[in-house]
């Protein structure tokens, strides 16, 4: 036999009997040459295989098929000494355990978090849960290994261990070792050797498939022009190569999409995840459940391509699949079985059925071997007992199977190979040993860069990607600009030529606005962080490059927003209208905006979740506002808090702009000094540029801290291990089952007939007649998805809707047409007879899965070209009979008329039942969301202490002190209200996706759902407000009258709850979370502007004063200030210009702010009205507005 023939034989997948060639059924389906490397067998010689590899274009490069391309590539790589290192992977006594709470009860709730803080001595005991029990084995170079296991059995943990992703820590313990051709993972650049394909598909939704592949290719492999000359053309086509291998050519320019953005199908998104790793060019691929979302034919094609790669280039692949078909299983060399962290089997695929037959289990005909193996090793395989071993001696538990395997000849052979170590005698040829030993070339070295691109090209590549992310989110960009325009015009209108007395508050708010704009950056950064967590460990880029690109891309957006808002506001407000002063004002705004955006981006890297990130932002914003020099003037801040005044970025920006304004020629030195001293600003004009310099330093410091946080902090949970799982394990070990040997009729001796029950109902027919369905594409054109579908579904019959990935399985479509509709028959015989009757259709081969056969016949998989079976069906006798039956069932019968006249409700249960169940659900949801609710319950009292100690027992003996008290009430409202306004968005948006799904199924109506959201918030809001107000109130020393205290408490609760419900409303009204953040940012600005503090009502003009009656903040501030100071008859000195007048505090409050105590109940009623109006708006939005675009 020639060497060519030896190689050809090696590449052919073995059949079940170990000797058959590639099944004829695959040849007959007209694969492209890319997917069928055997289609060019004629004239296939060694000379043609190793001829020059031309890469003018993809078609030329793949001339002869994928296998021949790999052979030529291997020959070229050997020629230029760039061969792929092919490691022998050994895992010796590999084990992994995690510390988990001994009890799963009440774990991860608000209550458990509170107990952990207040009763630390009663924290639940921790126990060690073994995700992997000690196991050993060898993965040979050039082999394809299949992992078979149930979900949660430990396969993901095993793959991560092989990829070097698991480490020992305080809560985890990694035992044993993994060696790559005799070297430990920390001795080599393991990332360049092993590529791990995760279960989850984390991608940037707005990038196309081609852009995602190209980015990964450039990051890992570098630019084509940096490759050796012989490889440059091939490197330039690498992205297109993998697009074709994975069958993604047609959707290459389609966005990847996500749960709300329409993009590629779920199966295609899984291929994107696979391709993102494959383009890396590693020699060891570890794939975790890559068949999820793919039809069996597409899975077969991908595994076949990977087998060709393994056998030709010598790489290895370890792939975990769920329910693989027999045809897919036949492609593998070895099988590794895991259950409950124990290794059940690891050895040749061809010996596994014989092995289990020796242990007392036989796989019956027409049962997929993979399903048989999983069922047996899960302890439920007694029905497969062959009688060779007594039933009582059959293995049941994972430990039983593990012990049996460790005693087998297969394991002993592996154990012997491991004991001999990595040496030349383990390999068939010296050449194979040399390739395996070449892994040493990946040894870590300071001279070798672990990244594919240098720093500058990598940063530019990331910057281009970040630019695309922003440009492809028009609602966010336009939302920011429109928000800036509206707020700028509103501020200009309110402060139009306003008196200089209000300049401090006016300039303060113009700066504070950008804190709220920057707040939105947390949501944006969090959505990208998942992708960063995936790509950074694979050395796609340096963390510094990512942080720099993330920061730089915000610069043009920030410049545009600050220009639009600042320009309109500046020239309308009456500030000094000179170019020099405007430039300084704009420069201060711009520097502050960049500094605070960098700060918010840093918070998104520090926080474990977006809810906690929003909470940290709210806390920071409140701190910066409180110590800005406006809420409480600098000379009134206690010594123990004065450091916060000098740290707050707002204080530097506010001081710089105030000094710039009052240094202009329009003010005399005396007036300028008096005004600045009234605002407690005593620094010279040198602090203008010093303040700008500080803000620039803040920008670089926060950006650097963001990079450090991203680099050193990872919030990645270890999944699949819990106390609940341990409890289920223990219960499973205590279950004893009586079994019997199966009889020919399939019934065991002890079998019983299953019984079921349910509510009575009236059986109905469902008929579809000539159904067409169109969707409107983003381009505006219509696309027809369903074409003249006719089918019927009768009572008592179960219909399977089947189709290829992305073909529209929900309508039994292939390209929008019905390919088959009819009975299956016993063992699918009727369906098989139908397809066999069509000329040119290959008959099903023995032991072949009928479902897989049907999908392959109609053209499932990658790159198949078959006849149009929808036309065959349309012309068949079966179609004619089905249509006649459908028309017959569509006729109106007396029974139909009788039932249709009954008063059926669209929702089965009544309103009160819906409300009760929904309230229970929301109560549990909130109780099990400690990041949202525990944050409020625990942190808000801490900040009440901070606010209270800042104003501790501050008297109301001067105008400065009175204004500071009002500023505190304003800031407290802003802090609590806006924090709830922002943080509730993520919670409600997550619930909204569930609501859309359940509402479509008529689980409940919108009214009880909206009310359940209301009720869920009430207990937490009551607790939070009581804690916050009580602590702050008595520390500050406000009125000790009980009536005043409880009124203050109730009004504060009304305002906070109104803000929370407005946040829920925006979450329902806006298309996505980012736009909702923009909307609530704009609303919070309006709440502040028209609250009556930044510009008192007495200074407002009649044209816009009526806006105050729409704002809950104006009612709340008027009521709260009125009840505290409206009856205060203490005398204070009020200076206006050069005139000083004595008046009571109550008179000053009424004259300056128009806050009157006798109207406090009117203000309270106004808040209650707004409260109910918002609830009505939430209900109407949920009823009439839907942003589901799938």
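Backbone N, Cα and C define each Cβ position, glycine as well.
Sequence annotations record features per position, and here TrEMBL assigns domain 'ABC transporter' to 112-365.
Under the heading transmembrane segment, TrEMBL lists 475-496 (among others).
Among residues of the same chain six or more beyond the transmembrane segment (540-571), those with a C-beta under 8 A of the stretch's C-beta atoms are 215-216, 219-220, 451-453, 455, 458-459, 461-463, 465-467, 469-470, 477, 480-481, 484-485, 487-489, 491-492, 495, 510, 513-514, 517, 521, 525, 528, 532, 577, 582, 585-586, 589-590, 593-594, 597-598, 601, 703-704, 706-707, 710-711. As annotated by TrEMBL, transmembrane segment applies to 540-571 (among others).
Residues or ranges marked as transmembrane segment in TrEMBL: 583-603 (among others). Tertiary neighbourhood of the transmembrane segment (583-603): same-chain residues 510-511, 514-515, 517-519, 521-522, 525, 550-551, 554-555, 558-559, 561-563, 566-567, 570, 575, 613, 616-617, 620, 649-650, 652-653, 656-657, 660-661, 688, 691-692, 695-696, 698-699, 702-703, 705-706, 709, selected by CB-CB distance under 8 Å and a gap of 6+ residues from either end.
Sequence-remote contacts of a segment are chain residues at least 6 beyond its ends whose Cβ falls under 8 Å from one of its Cβ atoms, and for the transmembrane segment (615-637) they are 504-505, 508, 512, 515-516, 519, 522, 599-600, 603, 606-607, 644-645, 647-651, 654-655, 679-681, 935-936, 939, 943, 946-947, 950-951, 954, 960-961, 964, 967-968, 970-971, 974-975, 978-979, 982-983. Annotated transmembrane segment per TrEMBL: 615-637 (among others), in sequence order.
Positions annotated as transmembrane segment by TrEMBL: 687-709 (among others).
TrEMBL lists 933-954 (among others) with the feature transmembrane segment. Here the transmembrane segment (933-954) has long-range neighbours at 110, 113-114, 117, 611-612, 615, 619, 622-623, 626-627, 632, 636-638, 640-641, 926-927, 961, 964-965, 968, 971-972, 975-976, 979-980, 983, 1020, 1023-1024, 1027-1032, 1034-1037, meaning same-chain residues at least 6 beyond its ends whose C-beta is under 8 angstroms from one of its own.
Sequence-distant contacts of the transmembrane segment (1018-1038) (same chain, six or more residues past either end, CB-CB distance under 8 Å): 926, 933, 936-937, 940-941, 943-945, 947-949, 951-954, 965, 968, 972, 976, 980, 1044-1045, 1048-1049, 1052-1053, 1056-1057, 1060, 1124. The transmembrane segment annotation in TrEMBL covers 1018-1038 (among others).
Feature annotation from TrEMBL assigns transmembrane segment to 1045-1063 (among others). Within the chain carrying the transmembrane segment (1045-1063), a Cβ under 8 angstroms from the stretch's Cβ atoms is held by residues 972-973, 976-978, 980-985, 988, 1014, 1017-1018, 1021-1022, 1024-1026, 1028-1030, 1033, 1038-1039, 1080, 1083, 1087, 1112-1113, 1115-1116, 1119-1120, 1123-1124, 1160, 1163-1164, 1167-1168, 1170-1171, 1174-1175, 1178, all 6 or more beyond its ends.
Residues or ranges marked as transmembrane segment by TrEMBL: 1075-1095 (among others).
Beyond the transmembrane segment (1161-1182), the same-chain residues lying 6 or more positions past its ends with a Cβ under 8 Å from any Cβ of the stretch are 995, 999, 1006-1007, 1009-1011, 1013-1014, 1047, 1050-1051, 1054-1055, 1057-1058, 1061-1062, 1064-1065, 1068-1069, 1109, 1112, 1115-1116, 1118-1119, 1122. Taken from TrEMBL, the feature transmembrane segment covers 1161-1182 (among others).
Nonlocal intrachain contacts for the transmembrane segment (475-496), taken as residues 6+ away from its ends with a CB within less than 8 angstroms of a stretch CB, comprise 502, 506, 509-510, 513, 517, 520, 524, 557, 560-562, 564-569, 571-574, 1071-1072, 1074-1075, 1078-1079, 1081-1082, 1085-1086, 1089, 1095, 1100-1101, 1103-1104. In the predicted model, the domain 'ABC transporter' (112-365) shows an average pLDDT of 86.
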